[in-house]
Amino acid sequence: MSQFDRHSGCPFHRRTDRSQSALSQSDTSTPAHRERRRFLKGAGLTGLGLGLGGIGLGGTCPARALAATGHGQDVTSAPQEQDSQLRYPFYGHHQQGIVTPRPATGMLVAFDVLARDRDDLERLLKILTERMAFLTQGGNIPERNPLFPPPDSGILGPVVAPDGLTMTLAVGDSLFDQRFGLAGARPKRLQRMEGFPNDALDAARCHGDLALQICANTLDTGYHALRDIIKNTPGLLMVRWKQEGTVPLLPPAPGDSDGSARNFLGFRDGSANPDGSDDALMDELVWVGGDHDEPAWARGGSYLAARIIRNFVERWDRTPLQEQEMIFGRRKMSGAPLSKDGAEGKEQDVPDYTRDPEGEITPLDAHIRLANPRTLATEKNRILRRPFNYSNGVEANGQLDMGLLFLCFQADLEAGFITVQHRLDGEPLEEYIKPVGGGYFFVLPGARDANDFLGSGLLAASA
Amino acid sequence: MKTTRQWIATGAFALLPLAPFTALITAPAAQAAVAPEALVAPVADYKLYVLDNLEQLVSHTRDFTAAIQAGDVEKAQALYAPTRVYYERIEPIAELFADLDASIDAREDDYEKGVADPDFTGFHRLEYALFHDHSTDGMDKYAQGLMDDVNDLDSRVQGLTFPPETVVGGAAALMEEVAATKVSGEEDRYSRTDLWDFQGNVDGAREIFELFKPLAAQEDAGFVERVQTNFDDVEETLADYRLDADDPSAGFESYDEVSDADRRALTGPVTVLAEDLSTLRGLLGLN
Amino acid sequence: MSHAASVAPPSSRALRLGMALSFLLTLVALGVFTLSLRAVHPVGDAGQVVEVTATGCEPNRLEVAAGRRTFTVVNRSNRAIEWEIIDGVMVLAERENIAPGLRQPLTATLQAGDYVMTCGLLSNPRGTLHVLAGDASAQPAALPATAFVGALAEYRVYTTLQLRRLRASAVELRDAIDAGDLDAARRAYREARRADLHLAMPIGLYSDIDQRLNAHADDFERREADPAFVGFHRLAYGLFGQQDTAGLAPIAAQLLTDVETLTERLKHASIPPAQLADGTSRVLEAWLDHHRGESAIAGPDLADLVALTEGADKIVSLLAPLLEGQSPATLQTLEANLSTLQQDLPAADSSMPAGVAAGGLLQATSALADSLAGINQTLTLKG
């Protein structure tokens, strides 16, 4: 794969092209426009890619500054398209799949590492890196004598399209036990997830030595990637649990700025998420840097808190709308914060709690108020959410087993998710939700280039 | 003249030793695949292995079912796992007979009504009686049924021409069996004797591998070495749970005793074996 | 020709020559076998050309020989067409969506009979396809080499199990003779002889062992008194003719040694697939050679034929699945011949009558031997 192929995948090229095309949003659905955009994207491939190769390696998409067009830049904006040729760069200072716009599907797979020593672990990390690099960029699957099992599951056909696939590798606390001699290099805040008061954790769906976040336009692309990983790592990895989810596609509506996708409780989820395209903000809140009191190797990484949160949807659907809105602190349809006179606002409106100290407008225990009190002191507790809705079938009592695969990223796990979740302990929403699984992981810094592999810094630092 | 043919037949068809014959066949072909004729001896040896195990299965089943019919719970419990081992070893062949495989080795999950299902018979029905109910009450007919089925299996296998693909593919099938139901410990959920079955599957897979090893080695020496190492790893871990290191017949500790770390340690080589052995058929040029 | 003129036992020189010759023949046989395994049916040329016009097929009536036939369908009409061969209401073979001006090949295996061809538009008249029987080139397609692995392996299992039985009864026989127990020796002899004849085909592949185990007294210059006369017939002469175990100990010991040598050789040998049928036919013929023209078959010889037929039964059961695919009619004949012979014979485990009329038995044996001899052509094997 040449360098500019990689860079052509930068999502912000796409955005740039789109804004440069100066077409109105209502035009985006016309075939002519799609053609044109595809053409422009191809042009970016040759025109921009050559000149910007070096910059891209640093993980900074060249067009990032231009992305703030007020359209679709939020990580949790509802996905709008399913371009199978959409390709995100794999190599860089940070891994992909964190500030990358959330596509329509995502899954988290936790693994036990079966590797028996450091050499095996290194081999595993190299294989993972190599496969992830291939899968996220796409290409032809290898052919093999038909007397043998095929090397690829074939579920995507002979050509693997990138399909917006991102794969993000993270390590769990248990990887730092005695097996691989990594204890000395453990990220300082990495820990085993402890149950919160409302949790009913199922051991079979918790923790893991490794976690792989796999996101793509379609679930098939994610399953293909997962099966490729399993096929290529026999004896090294064992799937511990997995949870996939989806986000509803939202066609862009004329005159409306992008809304966040809805969760299975019917509320927009992701409102007021920090802006993933704001590099400085991401460096402060999401990426581990020099100021974060972490081992040097960990810079460029991030903490991932994953939670499988069952929603009692039947019960929720039997709850009056007004009560639902009070529990969340937002209007259900618009996603706007509650207002004094019941006037309908916008999702992006910022609630002013200083003028509502008693919680007469937004109850003090409303979900959004507890999660983000919007005070100066709680600014540092903000997290980058990237959740997906899941549906797993039916419980023994006939109720639907559905809920939220909650994923969030932060530079400081304790200041981030753990603090936020403690604030939420006892919230009224708990009557309708039950966290049943998940875990804490540390997302490794990115692989610099094809000569590097994910986790190389960790191994070097603990050698 | 009556004596022109002096013996039963003329001697015009003396045989060449195997190796040169194989060479004769393969040399002009200039193809890497193993000569089909080279598969004959290992396939035959495998059937002999299966027949030996069936003979053991029949005689052990006789003792096991007799103990049940005599109402001797303790003795029947002790004989349960050592009897099943012979079935587990030859599963790739035994399961060719779907009706018998169901009546001999199906688990309660295979039936809509579970344990109460009248069609639930065989080893696991008896396991339920012996290890869950601690009783042989009403088990006479199941014991007799098992004995009849095992005898039936024996006679069917005697007359069976073993399909080479099934034999060679059997190694992978056994490891898939281990990977799917043995590591999880769901096979013998009442007796907790899963490790016996585990060992039986591994024995059966290894036998196939050993028989075809020389042929596989011609194609891919690294493959053979890898598979060997992984078999050794699995057996080494299993050996930790033997009740008596020097006496295999003493058997294994309960599967409950297997640590999480060891379950993981078993999963690794088992998965690699399943993955590697899945290529054995292709390696030997079989469909 | 009288028995007095019987040939001398083979000299060692003749034996060596025979061995060398047999080795050469084997090489030839193997070469042919190799070729036969490789034989790929030549890919046909265009075969029969059928042009489909706007109004129908040209020609509208085709005649081909039975077997695997290729047709080339040329679309001379101005719309896409399909072309089918129909047997009654069943489509046997078809080519769909042939674009105007294009040609498409179609290959089908056809049995003798009349078929219908569709010719473009449904309103067009249908053509007829007449398939003639009995063309030599209507041979079944060659079986792949792997097709025989199962049968050969199963035969190897059978051989191994029979060898185990043979050895076990040879040990019993030796021990009984050593102990002077005539009854036990006779019982062991019958068991051993039965296994020996089950193995007649593979034993026949080793002339030296075959001679030591199975040569008749007539084959030797001094007949029963000849010191070179050993093996089963020598033991039978002692146990049943002289009714005594005296002097048989070295012969029983030799028999056991020969069985062990045989076991060792077969362990390292591989039987060419063509031998399954041909070799079995040959051992039946060999038995017939000893009894042609006789009016009655004596008990021991009848027992021999029973055992040989059991061996043939095994071979038929091994070849049946292969024959079924190649030529069901051949299989049917073979099984019918086997069954006829079996019905004429006493059950294997019963005690043999002193003698039976030869006529029907000889005929049935000969029929089975003949049909076995013709099998390899059907199996596309050359012996």
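Each residue, glycine too, has its Cβ placed from N, Cα and C.
Values in this document were obtained by computation on a predicted structure and should not be read as measured data.
As annotated in TrEMBL, region 'Disordered' covers the listed stretch A:333-358 rather than the other ranges in A:73-98, A:333-358. TrEMBL lists coiled coil at one of the ranges A:111-138, A:195-222, A:223-250, A:279-306, namely A:111-138. Within the chain carrying the coiled coil (A:111-138), a Cβ under 8 angstroms from the stretch's Cβ atoms is held by residues 1, 5-6, 9, 87-88, 90-91, 96, 159-163, 165-167, 169, 175, 179-181, 208-212, 224-225, 228-229, 232-233, 235-240, 447, 450, 452-456, 459, all 6 or more beyond its ends.
For the domain 'Dyp-type peroxidase C-terminal' (A:261-447), the mean pLDDT of the prediction comes to 94.
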